[in-house]
Amino acid sequence: MSDDRLGLGRERRFLVLLGIICLALIGGALYMQVVLGEAPCPLCILQRYALLLIALFAFIGAAMSSRRGVTVMETLVVICALAGAGVAGHHVYTQFYPSVSCGIDVLQPIVDSLPLAKIFPLGFQVDGFCSTPYPPILGLSLAQWALVAFVLTVILVPLGVVRNRKKTY
């Protein structure tokens, strides 16, 4: 097996792992919503969309056979992770300064009109306020954990590309 195919294989395995992790994070959010009664706010739902898109692009990228196709999907993964980091960062800011709410009356109709809110309302329909504090997990709020996950994705995907595609002479 050539070095080129080996590097692409590593990237594919990493993309599959990333997709599984994103789906697990969405599953964890649904568990907290349904079992623990933590109502999702508009920013929570937008973060779920970002995680879902990252998983989708990661799985598509893992199925691609060409280097160019994998690169395009990895680029889309990073773009979605940047968007998710922006939303999570705003969510963290809103939780630190509760007087600056996300405005459920402004974002709720927009988020609730997105297609998945109609198809799968349990997972993608707004129910709460962004400034509502929930118990932290290992010292961090859910928004902070989401921010960590998105930032790690933005850093690790390009690092994996550079590492796996480095030419040896």
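Yeah, the Cβs are placed from backbone N, Cα and C, and that goes for glycine too.
If you look up Swiss-Prot, you'll see Cys41-Cys44, Cys102-Cys130 marked as disulfide bond. Taken from Swiss-Prot, the feature topological domain 'Cytoplasmic' covers 1-14, 65-71, 164-169. The topological domain 'Periplasmic' feature in Swiss-Prot is assigned to 32-49, 90-144. Residues or ranges marked as transmembrane segment in Swiss-Prot (evidence: sequence analysis): 15-31, 50-64, 72-89, 145-163.
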Checklist entry - DSSP says what for the topological domain 'Periplasmic' (90-144): how many helix, strand, coil residues? => result 28 helix, 2 strand, 25 coil
Next on the checklist: Let me spell it out: take the transmembrane segment (72-89), skip the flanking residues so only those 6+ beyond its ends count, and list any with a Cβ under 8 Å from a Cβ in it.
Outcome noted: 11, 15, 18, 43, 46-47, 50-51, 53-54, 57-58, 60-61, 64, 143-144, 146-147, 149-151, 153-154, 157-158, 161
Checklist entry - What's the CA-CA gap between Cys44 (disulfide bond) and Cys130 (disulfide bond) in angstrom, rounded? => result 8
Checklist entry - Cys130 (disulfide bond) to Cys41 (disulfide bond): how many Å between their Cα atoms? => result 5
Checklist entry - Of all the disulfide-bonded residues given, Cys44, Cys130, which has the fewest Cβ neighbours within 10 Å once its own Cβ is left out? => result Cys130
Checklist entry - Any residues 6+ beyond the ends of the topological domain 'Periplasmic' (32-49) with a Cβ under 8 Å from its own? => result 26, 84, 87-88, 90-91, 94, 102, 104, 107-108, 110-111, 114, 116-117, 122-130, 132, 134, 142-143, 146, 150
Checklist entry - Just counting, how many other CB atoms are there within 10 A of the CB of Cys41 (disulfide bond)? => result 26
